[in-house]
Amino acid sequence: MVRTNNVTELIIAGLFQDPEVQRACFVVFLPVYLATVVGNGLIVLTVSVRKSLHAPMYFFLSHLSLVEISYSSTIVPKFITDLLVKVKTVSLKGCLAQIFFSHFLGVTEIFLLVVMAYDRYVAICKPLHYTNIMSHRLCHALVASSWLGGFFHSIIQVLITIQLPFCGPNVIDHYFCDLHPLFKLACTDTFMEGVIVLVNSGLISVFSFLLLVSSYVVILVSLRNHSAEGRSKALSTCASHLTVVTLFFGPAIFLYMRPASTFTEDKLVAVFYTVVTPMLNPIIYTLRNAEMKIAMRRLWGKKENSGMEQKWESD
């Protein structure tokens, strides 16, 4: 069968049709996106500058924050600018590019969360061997594997989609490009493609989530042998991780564990994991981590002091 594409441009239906509601959404979501970039950017900057945060946990956290900035920037800028225009369009190539980067970064985040859980498991369950196990070399290998895993996952998704023929209609029922809404526009049966997405995206989410939950159960059980102070510190760290895991995996499993032929997109769930969750992660990690809060205060205190010194020198 020869693949033919009559469609080169897609019209995005958007989140809401009412212009007043769209403008209100713009006012709400623009500050949320800016907070996402600034909050996660501060974590990346603080970890890279402060020597006290060069432990594996913060190294992984900085990469998670970098992924959050990139993931949010793949979807949200286009989304919020579309809120101000009447007809929202995107080229088919641009749509495929957005699918590639959103899945690449989304699965990279999944693997990073698994890596962070392993780091906490070693730190709490094998504290005497932690330094030897979580070596500089292993930490870089785990992060590189997370990025590569996300890349190969996304390549598979795009290779599946790029072979589909699109001959009309060209209205994608979503506010950004994703696999299931795009499959509905294909001029062929996409049942098998939906099954592959189920296996490639849904099962990665489910198995990773089960692995994460299992690791934290083992951690909680092992905490019985720790002191009250040790338990409190470990529980605080694990609570942050579990909160982020729940916020991320809940919507991901909900959206990708159904075949395309029976899929009904819930746009509000998608808004939560594309717009809101990336903003919440830095808040969750910094509010529950005293070391991170102290490092941020010292970093900005140092900058303010140097700024005052330069001002005094110029006077």
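A Cβ is built for glycine as well, from the same backbone N, Cα and C atoms used for every other residue.
Database features (TrEMBL):
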DOMAIN    39-285  domain 'G-protein coupled receptors family 1 profile'
TRANSMEM  26-45  transmembrane segment
TRANSMEM  96-118  transmembrane segment
TRANSMEM  138-160  transmembrane segment
TRANSMEM  202-223  transmembrane segment
TRANSMEM  235-256  transmembrane segment
TRANSMEM  268-287  transmembrane segment
Per-residue pLDDT averaged over the domain 'G-protein coupled receptors family 1 profile' (39-285), given as an integer: 87
Residues of the parent chain within Cβ reach of the transmembrane segment (138-160), under 8 Å, 6 or more residues beyond its termini: 56, 59-60, 63, 96, 99-101, 103-112, 115, 118, 179, 193, 196-197, 200-201, 204
Range from 96-118, 235-256, 268-287 with most C-beta pairs under 8 A to the transmembrane segment (26-45): 268-287
